[in-house]
């Protein structure tokens, strides 16, 4: 072991001091040193030894003693040693200042250091080591330029001064940071040169030199050489500094960055070693924390980063530490804390260009916490640095979606997909964004995503396939949709159901009415060992597939799938609703209501279920309940659900046109309310077709035909384009309006073919009505017969047909000219009419179909009367025909004769012939006159004045109700025939119509009476008896006239004047359809959206 | 199994065609087709070329239903005016005009569609109707042997029990519409022999509005002639024991009008029903259970018939299509969309006749057209 020898003053002896046995108390040594006036270099050696042994206090004590004023005085001429002592102290305090974290102490240390150096300079201001020390101090203070100047002074004197060279290298290295890459390169080269020169001069230089060199190599991208340098630091310095933490950390970082398992492993070992050697190296701590973050040991991460934060003051490093901490909390889901630390990290570095990750993290956390604006700004910062970063582009796009700036979002996502056309995720998001705006483009995007995933050998997520399927579905590409759904679902029990492979045992037919509630079959199958597995992520797709089957009319399979869903997931409300819809479609109202009840058991606030229940209650004529239900539905959605509001609007509209007392005031109130509700919906959703339709109806009801026509036309245009929106009502309404304005519309016919497969008798009735108005009796009759064929149990139709036939006959008989054939067919028709009426009257003893038996009797009587009269007509017509024939024969002969002697007396004879003919004509005239008188009897049954006018009158007199009593009575009877068949709750209309009919009856009768009066006047007293009889019948005819259109011809009297009282009823199935559809489609969207988060 | 279009006649009638049936072959001629239309005519067609053989007029209002006697000699047509006209197929001579006021007339069917080869040769029907006109007397005299009329008259209630199995076609069953009953007519005397009434649901007052809901639209005989099924507007199907003229039970499951019924020719228990709810149900009519429900049509199913081999089902619908169903799979195997309007009738040709083995299916529609298809079971 090394020793120093302190010469004893005034003698040859020396005191031997073993360096490894320095006394604990430095005062002992100091006493010796002082007593023996030992040379100052010994002081220094001993102090350094203390330092090496970590005995900092002793080290400081000796040096401070060694630099005291007395020593200065005593050793005044020993300049170098004194400087060395001062420099050692200066270096010591520089170091203290450098590692001190507290700002105040740091300052103090630096001040002390400065003082020592200044003192040293005063002894010899040219001493290079002092300048080097000053340079280091300046470096430590971050004053790079001055430091450089200090080193330069030394190097100017001795260009091979190693410490100065290193110092200058350090300066350059630090400068390099702030320069752009080219300069950086230059500087690095410069540093390298310094470093190399240092090594050349002093090959055994401390590790620091090689370390610096390694760092430079690293910066220049010469990783291999850098690695060698670091390794040599550790090897070479084994004796001096075998545990150079920086070198270890540097090597560790390099190994970690190899990104290979082995490298990372090695890197971590190095880091760990560094940590064991010196637990306060922030860099190593950060990297370790980083590692433990990935291994998921969050507790360690927190510990390490907290230590790192405590030991370092270096902004970027702290930033890293905060980042690590934030990341840890982020992954644990503690977004609040994560956000705070990200924020701290951002604040520490504050330069996105250097360390962008915390901005990204912060953006993510803020996005998660819903702070879109801040999140957006952070992601945008990321994009400033990396404008083509797909993840950030997607994130920003997503935020724009949330902020409702779809255009911007689209732009960004499109950019993202353009930058990386293989990023399936970006296409996925793009597709989701496009779903609402452009289904076609969305489909393309989804398909691309699917293709990419498939090519990449990845499993295509079921959500994606589901969405593709739904989009195909919405576009009406059912086959593609089915394929996609099947692909999404893969193998499972559902396949067996879809392919019909599972046979169901027969069920008792009385139970079969409840088949849509039956899930026992699954239990049975399960008992038989069939697995009923239905993974949760496939439920949506199974549901959608069932919807598709429903659309394809494969209702049975659809119902099985719905039930399968319910068997496994009894809370799946939509499945109940669809089953209820199927039951409703099949007219199984009871079951439908039960299923809705099940749905409400799951969620008694489900607005869809409530709306549907209301609809069903309307269907079963439970008005008050329906209103309550609709109200509940509206409340359940805070009035946001248009459907409930719409239904209430409809309800009010019905109430307006059906109310028992038919007070104009009440009616107006209801109409107003209906209008208000429709308007409310329109304000919320300006594109709501049903609300627009409703508003149109109300307007038409008020007589604003032109406005309502415009509305209907627009709705009609808008409605033709989606497979889910089917609005026959608007077609009918439009037809009604045209009709009301006097255009006989064939729109009914189109409507019938387009929407109802010709099965809607109501529309047939409208059609018959147009024929009736146009006096196309045969067409009218045929149309009615078709209707009867469709709904044979609707006796009203038969009555109408009878009336049509009667009208036909009467009109033929009134014709001035008619052939015998015509009369004969009239007779046949009359016989039919009589038969129809008598059958009705006979049937009325069996059923109640709303006809007054007496009235039918009158019809029968009238027809029979006509029949009798027709016989006379018939004979007359036949006689006339006979005569005509004879006359023609004579004429022909005459012409022949004339031919023979034409030349002779042509002109004169012709004259004669003329006269003869005239005589004949006169005779004819007489006969005609005779018939005319009979005809007069029919005149009174002249077609009534144009309907329109009458309806006008009727409207005016809408309120007055002389005949109310009778109306009421009949109304009750009227109930029976239709309700079963009418597609909707038409009873209301029926009543109204009836009532109205009564009114009109009254009006009409008056009308007719006056007509008759006139007729009578004209006619004179001649044939009074006949007339009287006729008048009585005429009266009945008059009533029929009116009745036919009303009671009979569907009493759509309102069609022209008030327009469309029954549309709303029809509208309902339509709108409910829509509703039901929309119920599950958003469903699937929803799921996907969740997924994308 | 497969359908292949053979021949279509557009504008076969002037108006919608509402009814079609096959008139079984006789010794003198092959099976013919009988169609009834809104244009008030009944037409007779000779397959496979669908040559018009004759046009019967005389009905008022549209012809809603046609039925042919298993012998192929006589047929009946019914119209909206509730008259049934029974006529000789070959001469068009009116044999009887039936009416049961106030009951309407909808579907009709002669009792069992027994395979013709089971019928003893020349054992046809007795026609002793006083209404019968001279012309038919002459034409039928040679081919018709009168039998068992005395027996029929002897007992009031069970007149046909012993006989009808041997001699099909003794009874014509007519769906009685609003009378909520099926009327049975003796084809010998053309007297009404029984009314099978659909019971009103329990608890309902006779005054309620169920009258029209039990409106009977369709009838079908079981192939053994023991059972009669009828379908109503409200969707219920009623099964009757014919020999005792007794209502047995309802088959439930439909809630919309049942417009057509057909028994399987191979299994007398199996009944198929076509309803406005777009479904075809398959019932065990004896066991009172629903065997299966088949969906696929987009609108009302108007007509149903079972192939003679009992393996396939044909349906016609308001959705303008004819569908062929494989009963082993209970799934539609083919959809014909050659019609442009509702398909009111489909009918398989009954087996038998001179050397005709090939299966035939016919369909008629509101589009005024008739289509004939080849049906092959393999």
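Note that Cβ sites are derived from N, Cα and C of the backbone, with glycine treated the same way.
The annotation compositional bias 'Basic and acidic residues' is assigned in TrEMBL to A:900-938 (among others).
Feature annotation from TrEMBL assigns compositional bias 'Basic and acidic residues' to A:950-961 (among others).
According to TrEMBL, the compositional bias 'Basic residues' annotation covers A:962-975.
The feature compositional bias 'Acidic residues' is assigned by TrEMBL to A:984-1002 (among others).
The compositional bias 'Acidic residues' feature in TrEMBL is assigned to A:1034-1043 (among others).
The region 'Disordered' annotation in TrEMBL covers A:900-1093.
What TrEMBL lists as repeat 'TPR' is A:207-240 (among others). Computed over the repeat 'TPR' (A:207-240), the whole-number mean pLDDT of the model equals 65.
The feature repeat 'TPR' is assigned by TrEMBL to A:356-389 (among others). For the repeat 'TPR' (A:356-389), the list of distant contacts is 319, 322-323, 326-327, 330, 335-336, 338-339, 342-343, 345-346, 349, 395-396, 398-400, 402-403, 419: same-chain residues at least six beyond its ends, Cβ to Cβ under 8 Å.
Annotation comment: TrEMBL describes A:390-423 (among others) as repeat 'TPR'. Through the fold, the repeat 'TPR' (A:390-423) approaches residues 360, 363-364, 367, 372, 375-376, 379-380, 382-383, 429-430, 433-434, 437, 445, 448, 452, 456, 1092 of its own chain, all at least 6 residues removed from its boundaries and within a Cβ separation under 8 Å.
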Provide the three-state DSSP residue tally for the repeat 'TPR' (A:390-423): helix first, then strand, then coil.
27 helix, 0 strand, 7 coil
List the helix, strand and coil residue totals of the repeat 'TPR' (A:356-389) as derived from DSSP.
27 helix, 0 strand, 7 coil
Helix, strand and coil residue totals from DSSP for the compositional bias 'Basic and acidic residues' (A:900-938) stand at 38 helix, 0 strand, 1 coil
